[in-house]
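A.B. asks: Structure incoming, see below.
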Amino acid sequence: MADDDSVTTPVVNDRDPAAVSGGDTVTEEMKLLGMAVKELHVHAVRDLMNQENFVHSQGHDKVNAKFLYIPVLKEEKGESRYCCLLTAFKNFYFTYGGMDHFHVLQVCVRCIFRLFNIQEGIYALVSPTTLHSIIGKETQVEAMATKSSEETEDVKILHSSQGSEKSSVCSVCLGALQFSYCDERDVLVEKDHAEGFAMTLAKGVKEQRHEISSFSLEVSLPTLITENEEVIVSFMKKKYASEVWFQEKFSSDHISVKDALKLSITHSLEILLGVKCGASDFRIRLTYEHLDAKSAENKVGQNQCNKRLKSGAEVSSSHISEGNGLVKCSNGTTQSGCVSDLNCQLRKVNQPCRMTLLCSRAPIYIGGRYLKFSRNVSQTRWIIDDERKGEASVEELIGGNILPICNGDGYKFHAAGREDIDVRMLGSGRPFLIEIQNSRHVPCETSIKEMEKKINSLESNLVRLKHLKALGIQGWSLMREGEAEKQKQYAALVWISRPIKEDDLQAVSSFKDLKVLQRTPVRVLHRRSPLEREKIIHWMKIEEIAGSSQYFLLHLCTQAGTYIKEFVHGDLGRTHPSIGSILGCRAEILQLDVTDVKMDILNE
């Protein structure tokens, strides 16, 4: 089955399992069993039960032969498929189970149904207690009818296996489909039903106080699950590939542990959380980790390395060492069909996985334009040698006030370019985005307006916001795409070493789309690569200041990324042409303001 979130959810009893009596639970599970076997081929199951090799190969023909033929000849009644399913389960259970192997291989009931390719979800919704009680009851009836001492002994073994089923960790799913796991405090948690497990998950989700309208379910499992399953399936293929029942049930792909787990709990989670599962920005992620599997893998790798060093032997080219204790033939099958070899190749575990529940929301983006009125406020937090530069930062003034309202874990500040700490941002303002990580509250339009009002009313009056609104991820993309193409307008207070002339005004304003070559400025050379960049000055004009002959305001529109300060004074010849070279005198910039950033990402 494909590894995706689109899994079919069966319709099950929606009642709280804690409120259902034991008898009612069994009745509901009987109905689920009936639903599960509607597409089960009776003849395929009979073929499975009639294979004497399947029985004799395990050395228990006398015992299992009695169970193979009990209630299957009732096709004229409506119970034939149901009886076949139970008998098939008994056959598989005894073959790998109480007699020799099942308690050694430790394959859980749900994985047995899963490997038989029963995809209605019954393997995960019906409790193993119910299955064992059904099998135990029929076995007791059979034993009383025959009064065979051997069969009575088998009933005792079956009952022993029933008692240990809950405590034995499945060697395939590592407890995931048994709904058994260790929590973050390493406390063992065991649930008999998918509903019970879903209730625990729903409680954990609600405790984190997320506002959700939908959710997506993600599951991460150890690779050991896939490895052990491949060993068992490979063994079955090698031993029973010629059997009819095997060709019908094992030849096709069966549902994975991951998808089986999703299928088991999705419907219950939808009911408990009151929202639907699907594509969503809110994720519920279950991460299963197994420490024993990791330590065993390390130990196996060390042992194999030591053996090679001691013997000097090389691995044969006809086999592939997986690095996990398994040796497979070049065609991907195990070397032997012997159950004892299979048992050796399975990597056993003594405790279930540690399960971690993580709830997270994809980042939400709130954007607008900011104005900065101070020449002692940096755009982002600026710390040098543990000393703060400036009295505040735009990032902190905006993000620090939005984050508590969204109740997120953190935030990131993104802006369309940046100005120096001593440069004001005026006019239309600079476009910016605040990325709120794992926001538990998704603000509405009214709430966002309140954010803007709160920041604009700060007593410090260092920054002001305009056009604040919620944006999708497309806002981030538009900002990155438009950053290189945007134009900026500036107003610079300039001093020159001689009085300004009328010809100077005309000379400066005559330039249109002037190309300027700028080498990396000396002031940033310690943190920027030494490159030469070509930038464009789209237009310029000089505004005279009354009563001053050597001071003027330079208004200009430039390509994004132009170093304005260096364009004025020339940076020791590293920027050419410059205002100084155009006017033929020394020029210095005293103050600089950004008056416009021509970039529309907010549909203003």
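Note: Cβ is positioned from N, Cα and C throughout, glycine not excepted.
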A.B. asks: Which range is it, out of 1-20, 241-260, 281-300, 361-380, that shows up in TrEMBL as region 'Disordered'?
C.D. replies: 1-20
A.B. asks: Over the span of the domain 'Pus10 N-terminal eukaryotes' (170-295), count residues by DSSP class, listing helix, strand and coil in order.
C.D. replies: 60 helix, 23 strand, 43 coil
A.B. asks: How does the model score the domain 'Pus10 N-terminal eukaryotes' (170-295) in terms of mean pLDDT?
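C.D. replies: Averaged over the domain 'Pus10 N-terminal eukaryotes' (170-295), per-residue pLDDT gives 88.
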